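Student: Annotations for this protein, taken from TrEMBL, read as follows:
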type	residues	note
REGION	34-59	region 'Disordered'
TRANSMEM	151-173	transmembrane segment
TRANSMEM	248-266	transmembrane segment
TRANSMEM	345-367	transmembrane segment
TRANSMEM	387-408	transmembrane segment
DOMAIN	468-579	domain 'TMC'
TRANSMEM	477-495	transmembrane segment
TRANSMEM	537-560	transmembrane segment
TRANSMEM	581-602	transmembrane segment
TRANSMEM	649-670	transmembrane segment
Amino acid sequence: FSCSENLSLDSSCFSSPPVNFLQELPSYRSIARKRTTIPNREKQSGTLLKPTDSHSSQLQGGIAENLNSQSIRKYALNISEKRRLRNIQETQMKYLSEWDQWKRYSSKSWKRFIGKAREMATHLELWRKDIRSIEGKFGTGIQSYFSFLRFLVLLNLVIFLIIFMLVLLPVLLTKYNITNSTFVLIPSKDTDVQCTVYPISSSGLIYFYSYIIDLLSGTGFLEETCLFYGHYTIDGVKFQNFTYDLPLAYLLSTIVYLSLSLLWIVKRSVEGFKINLIRSEEHFQSYCNKIFAGWDFCITSRSMADLRHSSLRYELRADLEEERIRQKIAERTSEETIRIYSLRLFLNCIVLAVLAACFYAIYRATIFSQEHMKKEIDKMVFGENLLILYLPSIVITLANFITPMIFAKIIHYEDYSPGFEIRLTILRCVFMRLATICVLVFTLGSKITSCGNYSCELCGYNQKLYPCWETQVGQEMYKLMIFDLIIILAVTLFVDFPRKLLVTYCSSWKLIQCWGQQEFAIPDNVLGIVYGQTICWIGAFFSPLLPAIATLKFIIIFYVKEMSLLYTCRPSPRQFRASNSNFFFLLVLLIGLCLAIIPLTISMARIPSSKACGPFTNFNTTWEVVPKTVSTFPSSLQSLVHGVTSEAFAVPFFMIICLIMFYFIALAGAHKRVVVQLREQLSLVRKSRSWL
């Protein structure tokens, strides 16, 4: 065998199998088709260059024959050759027809305009200088957190614009007589008068502190504004030529912003998913990546360079510890395996017990708050009333603060690898933070649909305690949003800053040395803002202006976290790479979106809508507006809609989707095998060089 005898690096020895395998992939074939279509298109345009005797001229002639002048920069030619090739092509442009010349010049002008527009768009990017400065001082891991925060600001701004255009704008145009339009109010049929009673406690003597309570809880004067669902008790807006269906627009705005959020998150997470999909599990390559490609060249600060050095040392120690644990697992006897799995089962039961205790505490706090919040304000002092209103939010915040510390203690006894310890702890904290919101919403739902001693058949819900239950759910989401912002500001001002002063000026005290400076932990901060975004997704249906409040909240958090990072905190030694961070952030955000869709779907499809407020007073449920709208379509369109939504269409469609999914899974596996074969090829090349 000639290759093994000569030990040469000939491509025929090592590259043949991978290349043949690559050529069978659909992606390679699509590229090949593009390469074959470009020469034909250019030959029709008449831009052929005659080759000369030199190899360089032949290369240039081939390039000029296949590609236009805008693609010359992609080839490995020096500047003089590129200029010479461009001059030749510009000379031959004179022999083209006027139509072909106009197409070439217009194409160049359009590409130049697109390039200039993209350059201008980068200068208009929100917080561009701040994020670049953070990236230069603290690396790409922390920069990815602030970029993620900017993404949430833009997402909430777009959600607010969608709700504003579809719901709020027609109401404001009619309310302030900007257009020649009137409100359409259809009297409800077959509805008892008791179900339409909606008392708002805003009469009588009002104390000064009641305005503060109203501002913090969304009650009183805020309850009557466009901030909440109950303000939109309108069946439509009649313009000059058409009638605007407000109930349908209200439901469509919710569907549109949820769909847009899903598509935007999936689009941004695709790149990170590709990287994580083809990432090798080979430990030798992990060591090489950390040693030879682990440095972050965006770092310019000396302290951050030292921190990066310590971070790489920590990662290498963690890899060695994981290798030690893998070896320990391989040498573990059956008795030790049974013992460790029994211990993990017991500790997971403790975790479930902690979660159950937190959920039960939230359930009891919500019930207690709902039963006592109907008392008159003058029967309670200011602090007692505020405590009762914010009791569920306080319990949720305490649960989110205490449970991560308990999980961090428990994980040390489960004998996992360091990397898996971090991932499992984060997963438990994500579930805890997001599940608390769902527990609150489902508790409210159980109180709304249960009527105690009397029957709910009259209105379909507890009208006595919840005359407009959508508004009261929106008030709970509003309180969670405001209380979360207050906690973030309070922790930064009254914990982080004093801690920084103590560490700076009282560093000789042993207690202060043990306490140390506050770390800027990326996972904890990300979980905080994902928690706030999940509240916004759930509450936007019940409080249409909640996305605008969330936008302002995230803007405030950006500046507060930036000041905290620069002046009070130190970066965590466990740093994240930007690619890993972005994928992790978006994955957690996608989980939050899925959890937000569940209670929204149940509330719109199962719980009867309020008969005293809102745009759905003439419907049993919110979703009932959809079949009513479909019934107004022409018969042919109705049959098409019914056919698309029937089981006869859904089952084949689901099967086709599954086949497409399996195809892409197989394609991803093929690409991963290509990566493995190319790595094996590189390994053979490395061995052959050592033999030489």
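A Cβ is built for glycine as well, from the same backbone N, Cα and C atoms used for every other residue.
The model shown is predicted, which means the values in this text are computed figures rather than measured ones.
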Student: Across the whole of the domain 'TMC' (468-579), what does the mean pLDDT come to? Round it, please.
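Tutor: That stretch averages a pLDDT of 83.
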Student: So, do the transmembrane segment (581-602) and the transmembrane segment (248-266) meet, by the test of 3 or more Cβ pairs under 8 Å (sequence gap 6 or more)?
Tutor: yes
Student: List the helix, strand and coil residue totals of the domain 'TMC' (468-579) as derived from DSSP.
Tutor: 85 helix, 4 strand, 23 coil
